[in-house]
Amino acid sequence: MSNPSPQVPEGEASTSVCRPKSSMASTSRRQRRERRFRRYLSAGRLVRAQALLQRHPGLDVDAGQPPPLHRACARHDAPALCLLLRLGADPAHQDRHGDTALHAAARQGPDAYTDFFLPLLSRCPSAMGIKNKDGETPGQILGWGPPWDSAEEEEEDEASKEREWRQKLQGELEDEWQEVIGRFEDDASHETQEPESFSAWSDRMAREHAQKRQQQRETEGACRPPRAEGSSHSWRQQEEEQRLFRERARAKEEELRESQARRAQEAPRDPVPEPARAGPRAEHPRGAGRGSLWRFGDVPWPCPGGGDPEAMAAALVARGPPLEEQGALRRYLRVQQVRWHPDRFLQRFRSQIETWELGRVMGAVTALSQALNRHAEALK
């Protein structure tokens with residue numbers, strides 16, 4: 001006698017069939033709404049696009065190929081870019097070629113730097129280290145030289161190279177110091193100095209090294225060309241300018257901290273809201289912030305007030321060692337390349353520069369860095 005097959009209740013059977021259908025229908029509706037959202041952006045109907053996302057907050061604003069941020073950069077559509085960033089679009093999102101929105105903005109040239117590249121960089125600085133399938137970072141597309149060091153192992157490698165170079169320089173300076181101090185062992189007026197910082201010690205070593213070289217040239221009676229005769233003066237002038245650069249940077253940082261502390265103390269006592277501002281220029285009037293944030297002329301350029309990047313690079317080279325000393329000149333140029341590299345400069349001084357001057361300052365720093373790279377290549 002055969003057992004009857006178990007009967008599934010009619011309600012459960014209908015539920016099991018409807019679940020995948022309802023899930024597929026929900027996915028299809030979401031995809032249609034996302035396509036409609038992208039059409040609104042392409043047509044410039046930003047209010048409709050924002051209203052659609054408010055009614056359906058689960059939509060993916062990065063969906064599509066190319067993604068909406070990439071399309072806004074390619075079309076030079078700054079209002080759409082600002083809306084997407086406000087709605088939570090991810091600048092690090094990659095398309096099928098591995099490009100981020102920063103890659104797309106970098107390919108639009110200098111005209112898109114202020115309106116597209118800087119807002120994306122401010123929202124997601126880590127995207128500068130993302131490479132596409134061709135192995136390029138946004139900084140390489142802009143011609144900034146070495147890629148942005150975003151991975152921890154690359155940062156450690158760069159730090160180890162920097163430490164190795166400093167140790168080698170310290171060893172050479174110690175050898176020179178031993179030679180110099182041997183000449184003054186019998187000097188009764190020589191006093192033991194207190195321990196000093198590494199920066200002060202290295203500056204003193206460089207000055208004494210230059211004096212020793214000058215004394216050797218005088219005793220040997222060697223005739224130098226005009227460039228070599230003025231090299232010691234240029235070297236001392238360059239050291240003085242480096243010292244002034246450090247002092248101005250420290251003074252600006254101290255002024256910024258004091259200004260922030262003063263504003264924090266005055267904020268509770270002044271509850272009156274600020275009046276509405278007319279535009280981006282109104283946020284930073286030309287007379288305001290002079291004592292706390294840098295404008296273009298406040299940056300310690302190699303030439304007073306900035307100027308032509310080639311002229312600034314030539315001025316830096318002229319202040320270095322003479323052309324006959326190839327090794328010393330290459331080391332000097334390496335220090336200047338590190339100091340004026342756009343990535344390093346942006347990381348170190350971004351908070352000290354007026355926002356509305358940042359594009360102009362970074363454009364000049366980029367041009368100066370490229371000019372220094374050309375001088376360094378010419379020495380190889």
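We number each residue from 1, going along the chain as drawn.
The backbone N, Cα and C atoms fix where each Cβ goes, glycine too.
Note that the structure is a prediction, hence the values are computed from the model and not measured.
According to Swiss-Prot, the protein has these features:
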| type | residues | note |
| --- | --- | --- |
| COMPBIAS | 13-28 | compositional bias 'Polar residues' |
| COMPBIAS | 150-159 | compositional bias 'Acidic residues' |
| COMPBIAS | 204-221 | compositional bias 'Basic and acidic residues' |
| COMPBIAS | 236-272 | compositional bias 'Basic and acidic residues' |
| MOD_RES | SER150 | phosphoserine |
| REGION | 1-34 | region 'Disordered' |
| REGION | 131-167 | region 'Disordered' |
| REGION | 185-293 | region 'Disordered' |
| REPEAT | 64-93 | repeat 'ANK 1' |
| REPEAT | 97-133 | repeat 'ANK 2' |
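Each residue in the compositional bias 'Basic and acidic residues' (236-272) gets a DSSP state, and the totals come to 31 helix, 0 strand, 6 coil. For the compositional bias 'Basic and acidic residues' (204-221), the DSSP counts in helix, strand and coil order read 17 helix, 0 strand, 1 coil. Averaged over the repeat 'ANK 1' (64-93), the predicted model has a pLDDT of 84. With helix defined as DSSP H, G or I and strand as E or B, the repeat 'ANK 1' (64-93) counts 16 helix, 0 strand, 14 coil.
According to DSSP, the secondary structure content of the repeat 'ANK 2' (97-133) in residues is 25 helix, 0 strand, 12 coil.
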